[in-house]
Amino acid sequence: VSVDCSEYPQPTCTTEHRPVCGSNNETYGNKCNFCNAVVKSNGTLTVSHFGKC
């Protein structure tokens, strides 16, 4: 499972609710929030699965 985060970080994210579970066992509200976290983690954060953790 992977997500293309090449267009991130974004300064603002929508409130769209499409949860993504990260490899840190944290649930992100949507792809934008997840990808911003990936950038902050220098690429160490990955997708565990889609949906809540």
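Positions of Cβ are set from backbone N, Cα and C atoms, glycine also.
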Residue among Cys5, Cys21, Cys32 that, according to Swiss-Prot, closes a disulfide with Cys13: Cys32
Cys53: disulphide-bonded cysteine as recorded in Swiss-Prot, out of Cys21, Cys35: Cys21
Cα distance (Å, whole number) from Asn42 (N-linked glycosylation site) to Cys13 (disulfide bond): 19
Proximal residue to Cys5 (disulfide bond) among recorded positions Cys21, Cys32, Asn42, Cys53 (C-alpha distance): Cys32
Rounded mean pLDDT for the residues that make up the domain 'Kazal-like' (3-53): 97
